[in-house]
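Trainee: Pulled these from TrEMBL:
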- B:ASP95, B:HIS205: Mn(2+) 1 binding site (BINDING)
- B:204-208, B:325-326, B:374-377, B:SER381, B:398-401, B:LYS474: GMP binding site (BINDING)
- B:HIS236, B:HIS325: Mn(2+) 2 binding site (BINDING)
- B:HIS398: active site, GMP-histidine intermediate (ACT_SITE)
Amino acid sequence: MDGPGPTGRSGHRSVPHTADLRVEAWAPTPEGCIGELVRAVVGSFADLEGARIVGERGCTVFGASDADLLAGVLEEVVYRMDATGELPAALALGPIRGLDGARSIEVRFRMADAATAALVGAVPKAVSLHDLDLSGGPDGWTCRATVDV
Amino acid sequence: MEIVLAEAGRNRWRIEPRPPMRVPGVVFATGALLPQAAGDKALEQVANVAALPGIVRASYAMPDVHWGYGFPIGGVAATDVERGGVVSPGGVGFDISCGVRLLAAGVTREEVGPERIARLMDLLDRMVPRGLGRGGLWELDGPAELDDLLLGGARYAVEHGHGVPRDLERCEDGGVLAGAAPAEVSTRAVERGLQQVGSLGSANHFLEVQAVDRVHDASTAAAFGLRPGQVCVMIHCGSRGLGHQICTDHVRAMDRELHRHRIELPDRQLACTPVDSARGRAYLGAMTAAANYGRANRQLLSEAARRAFAAALGVGLELVYDVSHNLAKLETHEVDGVARTLCVHRKGATRALPPGDPELPADLRAAGQPVLVPGTMGTASYVMVGLPGNEAFRSACHGAGRVWSRHQALRTVRGEQLKHDLEAHGVAVRPASLRALAEEAPEAYKDVDAVAAVTEAAGLARQVARLVPLGVVKG
């Protein structure tokens, strides 16, 4: 899905990479950026429109940097999909806390049963550190991740 | 880093070593097979790998090389273990021991006909777990039984009735690698792996029914158990969520510890650690466990294929060979005239043992190792054989190699149209999703005929047989 570029309020787009799935997102806040990227990745392979909601789940993700938090939240989604068969139909992120070297973020997922989702693309299995980024600028925050499928 | 690629012979290109590179980069390709897409960083990645501590001879790229992350896909790199050589989980890849297995049926395509192939594909469609959601063919009792499988690989599966002893003779390493350390496998990896033994996954993984279209070398093909027109099954998959979680866990740990070893890297996904270190041994133990999982996984899928062939066609399937193309192995190679213990990373590359190698099973020793090269569901795949004198640490290509991103494939190809076109060309398609099918369009890959020809011309492996698709089960 193509977006208007990192000048609007919030959005995401996939960008070319021969190996796997590469996604960029933008938002006014770093937490918003992470949420956009998660929505982009889930939307790239699962249509949750008619999926059965099974409940809410919460967790805290830790990382050395904001970019590592981004990878950590995505990894949480991939792990829960494989281990419990659930995918986030929606998510809410608390504020990023801590200093550089010890960052954390609280995440609440509204989970759907993955078995009731429609498959629409290659399923992600891991998040690469290659060119991983989450950074702020005068127009807001941007992030990008490469996801192994 | 600006990459200057110089032609260094027929089908051979060289990147001269400039700091921080420690060795040159060597790419086996014609001009047409070199990575072309704008922004493709495969050659830069070949140069980045050449900077790894302890790397010897060269950072190699096979003819199917394309842009990965950290390592290029189609990359081979060996590090000298006794001279501070490192192991990099990214040099193995997320899908540890992802590989290919080929089985041959006792029937030809002429004897079967399209209607029975369609019935066979319907059965496989129902029997092969794939795509989204949990579930595999083998429900393990729990983590303790998973540990046994991580130690025993395909042998554990055969011992529990999922195959026959001859299968193991036709697997690399007899279907099980020694040195697996289940204790180094995280709880998350175990949780992901418990419910996926005997499942295909998605993306480029497939189970394809093929026919031998052309035999290039009749005596070697006969030694492999292949003949013209023969119906075969090719299975491409790996170690599923378990392998991915192990790679993730160990890349993160090594990324945090790089400063301890004073290692500086141009790409975080190249995170590495000395082979001869506690972290290095822990990774190799966990990687080996995942490799055994991958082999057991392909063994279970073979069993499903056998059941479907027996029901639909009334014939059995003999294993031709099973190879891994994402792995690091400790091997002995001569470097500058001296035998050294090397950690050979093959990221999207296949080991290719030459005729006479003592590691080969007795009935293949005279012929050499089968090298399995899957192409695309619309073109062809190859069976090749290892050659003597392979400078890339006895390695060859692993497939056709992507040229399009998934993004570009989706913009160019419609899944419904692709399915229709393939069916019109006699390929029965059973996709888990039409959109995912479009991502794997044949046009998204290099010309596999050219890749096989260059692999042979570069002295990496020789063509034995060309196989064409009759039907494909896609994840």
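Cβ atoms are placed via backbone N, Cα and C, with glycine included.
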Trainee: Using C-alpha atoms only, work out the spacing between B:LEU207 (GMP binding site) and B:HIS325 (Mn(2+) 2 binding site) and round it to an integer in Å.
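Mentor: The separation of the Cα atoms works out to 17 Å.
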Trainee: Return the residue, from the listed binding-site residues B:ASN204, B:ASN326, B:THR376, with the maximum count of other C-beta atoms within 10 angstroms of its C-beta.
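Mentor: In terms of Cβ crowding, the pick is B:ASN326.
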Trainee: Could you tell me which of these binding-site residues, B:HIS205, B:HIS325, B:HIS398, has the fewest other Cβ atoms within 10 Å of its Cβ?
Mentor: B:HIS205
Trainee: Listing them in sequence order, which of the binding-site residues B:ASP95, B:HIS205, B:HIS236 have their Cα within 10 Å of that of B:HIS398 (GMP binding site)?
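Mentor: The binding-site residues close to B:HIS398 (GMP binding site) (Cα within 10 Å) - there are none.
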Trainee: About how far apart, in whole Å, are the alpha carbons (Cα) of B:ASN204 (GMP binding site) and B:HIS325 (Mn(2+) 2 binding site)?
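Mentor: Counting only the Cα atoms, the answer is 14 Å.
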Trainee: Judged by the number of other CB atoms within 10 angstroms, which among B:ASP95, B:LEU207, B:HIS236, B:GLY401 is the least packed of the binding-site residues?
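Mentor: Output over binding-site residues B:ASP95, B:LEU207, B:HIS236, B:GLY401: least Cβ neighbours within 10 Å is B:HIS236.
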Trainee: Using DSSP reduced to three states, classify B:HIS236 (Mn(2+) 2 binding site) as helix, strand or coil.
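Mentor: Assignment for B:HIS236 (Mn(2+) 2 binding site) reads strand.
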Trainee: Tell me which of the binding-site residues B:ASP95, B:HIS205, B:THR376, B:GLY401 ends up closest to B:HIS325 (Mn(2+) 2 binding site) in space, Cα to Cα.
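Mentor: Result: the closest of the binding-site residues to B:HIS325 (Mn(2+) 2 binding site) is B:ASP95.
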Trainee: Among B:HIS236, B:ASN326, B:THR376, these being the binding-site residues, pick the one whose CA is nearest to that of B:HIS205 (Mn(2+) 1 binding site).
Mentor: B:HIS236
Trainee: Please report the distance from the Cα of B:ASP95 (Mn(2+) 1 binding site) to the Cα of B:THR376 (GMP binding site), rounded to the nearest angstrom.
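Mentor: Computed Cα spacing between B:ASP95 (Mn(2+) 1 binding site) and B:THR376 (GMP binding site) is 19 Å.
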